[in-house]
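Reading through the structure tokens given below for one structure.
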């Protein structure tokens, strides 16, 4: 083995070998296990959330594969309607070509061309993270087979009356010219204004003051609402008010929707341009006056003066006109949530349009029942409340999008506006007996991307055909996804799965938290805190990282802020940590919380863990050979240390299985880390040395220790493999010659099982006592600054016959690992020189201090340390007592300063205790 572990030297070659040998394909006849990869956008590149979830899915896949289950991790990508269309449009614009200059067919040819050339970035990146998906089964949501499934579902739902065309309010993106889903609308707080407008009461001197953040929508107002219990306005309910700037009157209505305490207590109701107002309008049978075109300009339903104006220019003009007519009472600054299109960044308009809808209530009822009955289980279970909350209040699903890229809606229209739905124009003509002389035109719209995604678990397995894969792997075992798409994707898969297969799509749903930065902030391009998983794997220089984080940013101020923050956080850029360290970090963070704070310091810690494992393997391989181990019938004897580590191994194996079954990857990672680092490396490898280095030791005992070293290493590699596939495969390939298992890959070997024969509580208790004794003696050395190499005498007081026997049994180990030259037992009243003492149960361990340390030199060193700490404490206290600092500094900076002070005070207390001990010598 090389002296140091270099991930870059092994990872790509190992993955290539795994993939080319088809190790990822289902094999055997064991229990079926199947995971569906949530299909990433074909335009996308791997982000931290992908890396996190893919690691968890891969860990589960590798675990079940090693259990002997017939395992399938089904990969594929999503056509990502809007995202892909925008990417290709921008590419064409760079060449001076507008989409509108092309026919639909020409544009779609360009999209398919782009998909073939550039659409596989994310799948290549998945390979770098070790994803063991069955690439031979890779699917795409626009594949021929998946498109056939989409058509069948649409046609069947339409024929059953569950798909219809209707006029409703949708999120409209004026820049993209399409309806968008709630998930594609980002609402963040922005600075705006609240305009207070006077609405004069008809035939009265009174007026109502209405506060609004969107005065341009006043043109579509259909009522002013007040709370029914608001005594200020009760006398006006049912009266009419003049609509400012418009030649019409509107009623005053009473509705519980109004918040009496907000603004003036009066609310303008615009049913065609606000989702809440739309509901109020339905309750009061108000008209719906749409005042906007699909491009976001004022239409012909508004007064002539404003027609054709952009909505925001109209806003400015309306404010001026209101002022001129004395109808603007006041304007005040106001913070508000502004809905913007995720892709376009323009303000989204609620707009009345004709769209296609799925009637969801009949589909939702069995989907709710499936979770209530426990057929589908959410992990953590608290997420089922979110699921029920959404499903109980479900509204019809708008499934049409005004795009060219996507599954085109299989509906045709004749010249009279009649709608015909079928698999093709010929199918429609045949079914409805329409001859060729009647022209038919296909609907221009495409289906919402989530429509095809909702069929993913069964369409990828060959549905509507009854394929062997569908029979074997559906329902799938578990879905791993984020809480943000429980409704948009998870719920819809459950509804569609039950409707079209009669079965649930998956048995369990493991909901992960969302990856945030180390301060707990959401990762976003505008914040400049985004990390690319592959930059952590391969490393990146500072200048390249800054260039990556600031590309395509319009504002210089934002670019400068991000540059400054990046230089501060990563002055040397990011080191190359390798895939395994990153994957182990992801698993260690997979707790049950909503948010996951990602800290690069943890990756560094787990890179050290990789090094520790590598060095442990080198030690084992340097101290073993085939003859010395002899897994055949050669005589061997296990030492107490061997028995201890074998017993501890069974405990670890048991916990690991439990944590895999309960999806506690954080506890799983911690259990393996503790066992490998602390029990195997720190203790067992040290405990093996006195035996292997003792010329007097029995050859059978040495053989037993070597056998244990290699066996436990083999089990560790297998236990770790689902989390850290590369380093474990590389080391395992070097150990197979020493074991009876000469497999071709660790991923196809058998996952460790508990061996009851090795469980030995009494030996664990003895070794725990021995470790405590050694640790106590090492602590004395450290606290008293005694050289680790210096042999020292040990005195023991209050010894019992049982403990004396135990010490005799472990004397060689105790002396070797504690650097003790002689053990002396004291009579009850026997005096010893001034000593450092450790208490271990009933006994006292004493180390005489005479001649072991230079008292004056040590006191001088301690005084210097204390002076430095006093200075640090004074500095921190000064800051924290200064109102200029505590009032203005961010909370996290103040918290860091408090932590710094607490650490310094703790260190000072320890040094003072040590100084007192030295002075007493």
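First residue shown is number 1, and so on along the chain.
Glycine is no exception: its Cβ is also placed from the backbone N, Cα and C atoms.
Positions annotated as motif ''HIGH' region' by Swiss-Prot: 40-50. Sequence annotations record features per position, and here Swiss-Prot assigns motif ''KMSKS' region' to 522-526. Sequence annotations record features per position, and here Swiss-Prot assigns ATP binding site to 525. The coiled coil annotation in Swiss-Prot covers 849-921.
Per-residue confidence over the motif ''HIGH' region' (40-50) averages out at a pLDDT of 88. Here the motif ''KMSKS' region' (522-526) has Cβ contacts under 8 Å with residues 47-48, 514-516, 549, 552-553, 558 of the same chain, all six or more residues outside its ends. Under DSSP, residue 525 (ATP binding site) is assigned to coil, being neither helix nor strand in the three-state scheme. Listed as Cβ neighbours of the motif ''HIGH' region' (40-50) (distance under 8 Å, sequence separation of 6 or more from its ends, same chain) are residues 77-80, 83-84, 87, 115, 119, 121-122, 125-126, 129, 140, 482, 514-515, 523, 530-534, 598. The Cβ neighbour count for residue 525 (ATP binding site), using a 10 Å radius over every protein chain in view, is 14. Each residue of the motif ''HIGH' region' (40-50) gets a DSSP state, and the totals for helix, strand and coil are 3 helix, 1 strand, 7 coil.
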